[in-house]
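Chemist: Copied straight from Swiss-Prot:
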BINDING   GLY165, VAL166, SER167, ARG168, THR169, SER170, LYS171, THR172  ADP binding site
Amino acid sequence: MTENKAENKQTEKTEKMEVNIIIISDSAGETAFNNAQAAAVQFPDAEVNYRRYPFIVNEKKLAATLEEIEQYPNLVIVYSMLDEKLQLPIIKFAREHKARYIDILSPIIEAISQTTHMKPTGLVGANHQLTNKYFNRISAMEFAVMYDDGKDPRGFLEADVVLLGVSRTSKTPLSLLLANKGLKVANLPLVPQTHIPKEIYQIDPTKIIGLTTDPQVLNRIRRQRMISYGMDPDTAYSNMDSINAELDSAMALYKKLGCFVINVAERSIEETAALIMNHLSYEED
């Protein structure tokens with residue numbers, strides 16, 4: 001009995017530490033996201049979750065964002081905001097919640113300003129040309145945020161692609177990545193004993209992507225999530241029998257729909273996105 005406990009403790013120690021990188025921007029947030037990604041790849045033993053909040057252009061949107069991210073543990077906030085009034089609440093929140101925070105733009109802007117003796121324009125998104133491609137991306141990002149987690153079933157009928165998957169199969173970050181490439185994406189979490197919206201059965205099956213993973217991988221991720229919240233890792237959420245049942249149920253639905261299935265285990269979201277774009281014969285402009 002003692003040996004089993006020791007083995008369990010050792011397993012928990014080797015599980016990946018969860019880090020939630022929050023990207024807040026008054027524009028599309030590509031600069032902040034790319035910098036965060038470049039830094040995060042230096043930590044392969046961490047489970048890094050990217051949570052993007054683009055187009056936060058007023059105090060009301062920012063307040064809602066800060067309220068939402070309060071639920072996540074181990075926060076690293078990366079922000080790109082030109083309006084100082086929107087920077088201050090982020091800094092205050094980070095300090096109150098003992099979160100690390102990084103201002104991507106201000107130090108560079110200040111350095112250029114001091115060198116040139118010029119004042120910055122303060123124009124949001126000035127580095128983007130106002131092209132159809134740019135506006136399509138903005139529209140797609142807004143669409144992905146609006147129809148994340150099955151918030152409104154009507155989004156399934158308007159989407160270019162619909163992602164289905166059990167909890168922790170990278171639906172949201174994948175949606176945002178595809179949106180950044182111009183695709184309108186909606187996603188639906190497959191929760192046990194929950195009704196599937198009728199709209200799912202009305203969609204062209206070629207537009208539906210069923211996400212699955214390996215049971216052991218999902219077990220590890222879910223256990224670590226419980227540990228990061230200070231909870232018992234051995235719950236129904238992380239139980240292998242429950243996980244197998246969830247994955248089997250999801251696969252049965254995918255078979256019924258006749259949709260394209262991707263196993264995301266040990267696969268980066270960039271690789272998964274490439275497979276989806278290839279399946280859709282979609283070429284980024």
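Glycine is treated like the rest: Cβ placed from N, Cα and C.
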Chemist: Counting Cβ neighbours within 10 Å across all chains shown, tell me which of the binding-site residues THR169, THR172 comes out on top.
Modeler: THR169
Chemist: By the DSSP assignment reduced to helix, strand and coil, which category contains GLY165 (ADP binding site)?
Modeler: strand
Chemist: Sequence gap of 6 or more, Cβ distance under 8 Å: name the residues on the same chain that satisfy this around ARG168 (ADP binding site), in order along the sequence.
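Modeler: Listed in sequence order, they are THR213, LEU218, ILE221, ARG222, ARG225.
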Chemist: Which site among SER167, SER170 has the most other CB atoms no more than 10 Å from its CB, taking these as binding-site residues?
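Modeler: Answer returned by the neighbour count: SER170.
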Chemist: Output, ordered by sequence, the same-chain residues six or more apart from LYS171 (ADP binding site) with a CB under 8 Å from its CB, or 'none'.
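Modeler: Non-local contacts for LYS171 (ADP binding site): ASP149, LEU163, GLY165, ASN187, LEU188, PRO189, LEU211.
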Chemist: Among all protein chains shown, how many Cβ atoms are found within 10 Å of the Cβ of VAL166 (ADP binding site), not counting that one?
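Modeler: A count of 20.
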